[in-house]
Amino acid sequence: MKDENSINFLSSNESYLYDKSENELRPKVFEDFKGQVNVKETLSIFIRASKERGEALDHVFLSGPPGLGKTTLASIIAFEMNASIKITSAPAFDKPKDIIGILTGLDEKSILFIDEIHRLRPIIEEMLCIAMEDYELDWVIGQGANARTVRMPLPKFTLIGATTKPGKVTSPLYARFGITARFELYSEIELVEIIKRNSIILNIEIEEDAAFLLARSSRGTPRIANRLLRRIRDIAQVTGSLVVTSDIVSIGLEMLRIDGEGLDEQDRNILRSLILKFNGGPVGVDTLAISVGETADSLEDFYEPYLIMKGFINRTHRGRKATEFAYLHLNLEMKEEDISENQRVSF
């Protein structure tokens, strides 16, 4: 086995997965990983059982909105299993030889983390399914009458697949995962714990009220909380403040155009477009996305989960619809027929 707990990034394209500037804030063990309690408890049991049997951990499927810690958790799993980990994403696999090179280079009980696993090409996915189940690879050498199939044995490895779109993962691939976990948006209390922990790492003194205000504006997402914490640190430094207060956080949020509900300018653009251009809806996600200059994927993956969680948008079988809360938040008057329709949808 190679160096235990080593992290290997398979291409420079993975920088978005594991930003070095964020590395110092990433928890390394379960104890420091805040939130996702059920996910942690379940994985801890399976990891302990695998270690006691001396076996590789079963394949793990992680799903949920971006920025919630799926990549971080994969690294923690590797640490807890005393295993090396290779981190990559599905678009990095262009040809069969790409996946063959990676799989044959794995160590016994090591971990391969593939982000955006729903984007695997069909031929790559087929090869990966065989590797996950049989720990073998069939590789065709030559062409025509001279073609022959070579079977290559693989070490017992663990694949951790992550996606923001579990519905786009094919049934054959999903069935190969023995452990599945869904990440949910974090509560304010959980984000406050993360902010307090990371403020210590960044050598920032932050008041309790300030931490809560920052958490409330982080869209239930640790990645956003960390980014905002860094920007608030900049403001405190420039203003000569030794302590981050709620006033400093308020100044920073105003500069970043983030309101008291954690909505940024694009969130408000989405709600305005839904209300003013489409009379509050319902409207299809593709049409709504075009109206605000976004892709349907970015609207569904990044913006909608938080807007739905906060009660600004309802997702119906006819499309997206603004709630009464959205009208109130933007100080827009709701028509009588829209009030009746919203009450009917809510009921």
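Just so you know, glycine gets a Cβ as well, placed from its N, Cα and C.
Taken straight from Swiss-Prot:
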type	residues	note
BINDING	Leu25, Arg26, Gly67, Lys70, Thr71, Thr72, Glu133, Asp134, Tyr135, Arg176, Tyr186, Arg223	ATP binding site
BINDING	Thr71	Mg(2+) binding site
BINDING	Arg315, Arg320	DNA binding site
REGION	1-186	region 'Large ATPase domain (RuvB-L)'
REGION	187-257	region 'Small ATPAse domain (RuvB-S)'
REGION	260-347	region 'Head domain (RuvB-H)'
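Here the features listed in Swiss-Prot are placed on the structure.
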{"residue": "Leu25", "record": "ATP binding site", "contacts (Cβ under 8 Å, 6+ apart)": "Asn198, Ile201, Leu202, Asn226"}
{"residue": "Gly67", "record": "ATP binding site", "contacts (Cβ under 8 Å, 6+ apart)": "Thr221, Pro222, Arg223, Ile224"}
{"residue": "Glu133", "record": "ATP binding site", "contacts (Cβ under 8 Å, 6+ apart)": "Arg176"}
{"residue": "Tyr135", "record": "ATP binding site", "contacts (Cβ under 8 Å, 6+ apart)": "Pro153, Leu154, Pro155, Lys156, Phe157"}
{"residue": "Tyr186", "record": "ATP binding site", "contacts (Cβ under 8 Å, 6+ apart)": "Lys34, Gly35, Gln36, Leu68, Ile194, Ser218, Gly220, Thr221, Pro222"}
{"residue": "Arg315", "record": "DNA binding site", "contacts (Cβ under 8 Å, 6+ apart)": "Glu304, Ile308, Lys321"}
{"residue": "Arg320", "record": "DNA binding site", "contacts (Cβ under 8 Å, 6+ apart)": "Leu274, Gly281, Pro282, Val283, Gly284, Val285, Leu288, Glu304, Ile313, Asn314"}
Reduced to three states, what secondary structure does DSSP give Gly67 (ATP binding site)? coil
Around Thr71 (ATP binding site), how many other C-beta atoms are within 10 angstroms of its C-beta? 24
Taking only the residues in the region 'Small ATPAse domain (RuvB-S)' (187-257), give me the average pLDDT of this model. 93
